[in-house]
Amino acid sequence: MKITVIGAGSWGTALALHFSQHGNRVSLWTRNADQVRQMQEARENKRGLPGFSFPETLEVCADLADALKDSGLVLIVTSVAGLRSSAELLKQYGAGHLPVLAACKGFEQDTGLLTFQVLKEVLPDNKKIGVLSGPSFAQELAKQLPCAVVLASENQEWVEELVPQLNTSVMRLYGSTDVIGVAVGGAVKNVMAIATGLSDGLEYGLNARAALVTRGLAEITRLASAMGAQPKTMMGLAGIGDLILTCTGALSRNRRVGLGLAEGKELHQVLVEIGHVSEGVSTIEEVFNTACKYQIDMPITQTLLQLIRKEMTPQQVVERLMERSARFE
């Protein structure tokens, strides 16, 4: 199958590498013309995922039309902020009918829409829209270390058709029609990872980390259920699986944001040092707004938002959470 990958960050590049190494032709495209030239010349993404050479089956395209030609699937792996404009480009290039998966995680700022909802809004006639989510770090996938993820769409027939096509010896895919649950799990776990990074940075220990992960899962489940998701989805790869990885893994950008804030650094400084997008930061406010809309209590999210707004110190965030009224779990 020919697969088009839009977005050449670390995750987009890792997916392009992976699928091109497992029987697919892949075209990789990004808006950044300088990055395209660099990748074409070096046959490697030295900016986004250095150290991994591109196979012959991976083509880096300067022209999106070339990248979309004969494509059977489009993966949009931009930041959530770039998702809508990428979907609009598909329409512009006459490719709005192609099957498309959002492989980014978060809520769109200002609209509060989940990734698949953005795609449905831009491409209302497309019946093959979904998300790819789950516990997966780009570096590990590029090294061909095993992982398992979830492909979710409201179109069950398409999921049943696509999952076997994309399954490999390295990446095992599970299908789901609970696209809301899969998308919410992927989005909100980034917020919880900042909280656990904060706790770890303050050296509050493993007990505190376990408490934050567990109560974070409770927050995610409450919100997802209110939005129409199946609670059991949060017990799977797209829920607790992704949450554990992002909250504990050394490669987690969002956890590193929390670690940096615990050191007393300004948020902008932390983001510059990380050098990549942290979807958790841009998601916090939209998650809180959505929780308010559905009247869902999300204390971890709320206190983190106050931290980002400089209304609290890192220490006060943890103190506030510990001082909450006693209740049954």
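Each residue, glycine too, has its Cβ placed from N, Cα and C.
Remember, predicted model here, so these are calculated numbers, not experimental data.
Listed features, source Swiss-Prot:
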ACT_SITE  Lys189  active site, proton acceptor
BINDING   Ser10, Trp11, Arg31, Lys105, Ala138, Arg253, Val277, Glu279  NADPH binding site
BINDING   Lys105, Gly134, Ser136, Lys189, Asp242, Ser252, Arg253, Asn254  sn-glycerol 3-phosphate binding site
Between Asn254 (sn-glycerol 3-phosphate binding site) and Glu279 (NADPH binding site), how far is it from one CA atom to the other, in Å?
7
Same chain, |i - j| six or more, Cβ under 8 Å of Lys105 (NADPH binding site); the result in sequence order is Val80, Thr115, Ser133, Ala183, Gly186, Ala187, Lys189, Asn190, Glu279
List only the single closest residue to Gly134 (sn-glycerol 3-phosphate binding site), chosen from the binding-site residues Ser10, Trp11, Arg31, Arg253 by CA-CA distance.
Trp11
Including all protein chains shown, what's the count of other C-beta atoms within 10 A of the C-beta of Gly134 (sn-glycerol 3-phosphate binding site)?
26
Closest to Asp242 (sn-glycerol 3-phosphate binding site): which of the binding-site residues Ser10, Trp11, Arg31, going by Cα position?
Trp11
Greatest inter-residue Cα distance in Å for the sn-glycerol 3-phosphate-binding set Lys105, Gly134, Ser136, Lys189, Asp242, Ser252, Arg253, Asn254
15
Give the number of CB atoms, excluding that of Ala138 (NADPH binding site) itself, located within 10 Å of its CB.
22
